[in-house]
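Copied from TrEMBL, the annotated features are:
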{"type": "ACT_SITE", "residues": "ASP233", "note": "active site, proton donor/acceptor"}
{"type": "BINDING", "residues": "GLU23, ASN176, ASP233", "note": "divalent metal cation binding site"}
{"type": "BINDING", "residues": "ARG126, ASN128, ASP146", "note": "substrate binding site"}
{"type": "DOMAIN", "residues": "21-292", "note": "domain 'SMP-30/Gluconolactonase/LRE-like region'"}
Amino acid sequence: MAPHNIPIFDAEVLLKCQNTLGEGVVWDSKTQLLHWVDIFASTLHSYNPSTGAHSIDKYPSKCLTYITPRTYNKGFLGTFEGSLVELPEPTTPTELTPKPTINEKQPTKVISEPLNEVLLKDETIRFNDGGVDPKGRVFVGSMGQDETAEVYPGELWRYDLDGTKTKILEQVGVSNGLGFSPDGKLMYYIDSRKDQIDVFDYDLSTGTPSNRKVFASSPPALDDQHPTEGVYDGLCLDGVGNVWVARWRNGRVVGINPQGEIIAMIRVDGSKGATIPCFGGPNLETMYITTASSSQGGPGDSAKYPNSGDLYSVDFGPDSPIRKVLGEGWKGAERYRAGI
């Protein structure tokens with residue numbers, strides 16, 4: 001029995017892709033394809049939900065940590081361990097298998113390398129997650145690779161439409177989920193060294209966040225068998241301003257309304273490491289969730305969490321159980337596209 005009255009729903013395994021660290025999931029409405037990365041494999045996955053076809057592109061870097069479609073150009077922007085890069089169009093998925101042929105790819109351009117060269121070379125830091133604001137500005141964040149270190153060496157950078165880069169935050173532990181309210185007046189942000197979600201007032205005209213404060217702290221236990229563990233990881237927002245946040249090493253996604261109240265929890269059964277959700281599908285009424293391998297969760301977790309690393313989905317359609325909670329006015333939302 002759950003120790004609360006928050007409604008709980010279940011995600012289902014959609015693709016048994018067995019990623020080591022699946023992340024960065026994003027829907028592209030122009031192609032009706034889903035994309036995500038497997039960070040340490042440095043691979044970009046593409047999936048067609050209408051056919052079940054899947055493709056994998058591999059890049060010559062230690063890791064590929066974040067991707068975003070672009071508004072005015074083909075292909076994606078992405079982050080390797082220390083650089084913001086342009087990536088070509090992903091391979092069109094045609095193979096009906098969780099383990100398709102791996103296509104070797106190269107970035108088309110290195111846009112920027114803003115991180116400290118010494119800290120990057122000795123693997124103290126690397127890029128991690130990012131986000132795009134409603135104007136198309138791109139935010140990319142870095143993290144300290146020793147997640148027990150007392151010093152927080154990460155940063156958050158903003159790239160304007162003309163390519164100008166600005167350091168927005170420093171002393172970041174693990175830069176993670178980042179998103180914007182539908183009106184563009186709030187920026188939500190997660191540093192996963194702290195088990196909380198922060199919110200900033202956001203000046204959309206200048207791209208400046210200010211007045212940082214805590215939006216949400218640790219959620220209650222999922223149920224009697226699943227205590228509160230881990231930290232907040234990646235996030236997305238729906239079309240009415242609810243924030244949906246994955247719980248790293250806690251096997252769930254938490255839905256929080258603009259007032260900071262938990263409205264629903266989604267159990268990612270069979271996987272301990274939910275990493276990030278997004279909305280997609282023809283009407284943006286499916287939630288997709290990437291996960292991490294059981295090796296990222298703890299010793300002995302592989303038998304208990306056999307679907308760790310797989311891709312999950314949740315139906316948010318008009319007749320779905322979760323819509324009975326969210327109400328008739330609910331709608332999904334696509335992530336913003338990069339304007340650079």
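Cβ atoms here come from the backbone N, Cα and C positions, even for glycine.
In sequence order, THR124 constitute the residues six or more apart from ASP146 (substrate binding site) in its chain with CB-CB distances below 8 Å.
Residues THR124, ILE125, PHE127, SER142, MET143, GLY144, GLN145, GLU147, GLY154, VAL174 surround the recorded substrate site, their Cβ atoms falling within 8 Å of the Cβ centroid of ARG126, ASN128, ASP146, which are themselves excluded. Remark: ASP233 (active site, proton donor/acceptor) has ASN176, GLY177, ILE190, SER192, VAL245, ALA246, ARG247, TRP248, ALA274, THR275, ILE276 as non-local neighbours, by Cβ distance under 8 Å and separation of at least 6 in sequence. Around the Cβ of ARG126 (substrate binding site), a 10 Å sphere holds 21 further Cβ atoms from the protein chains shown.
Within 8 Å of the Cβ centroid of the divalent metal cation site, not counting the listed residues GLU23, ASN176, ASP233, the chain contributes ASN128, ASP129, GLY177, ILE190, SER192, GLY234, ALA246, TRP248, THR275, ILE276. Once Cβ contacts within 10 Å are tallied over all protein chains shown, the binding-site residues ASN128, ASN176 are led by ASN176. Reported as a whole number, the C-alpha separation between ASN128 (substrate binding site) and GLU23 (divalent metal cation binding site) equals 9 Å. On the 0 to 100 pLDDT scale, the domain 'SMP-30/Gluconolactonase/LRE-like region' (21-292) averages 97 in this prediction. Its Cβ taken as reference, GLU23 (divalent metal cation binding site) is surrounded by 26 other Cβ atoms within 10 Å in the chains shown.
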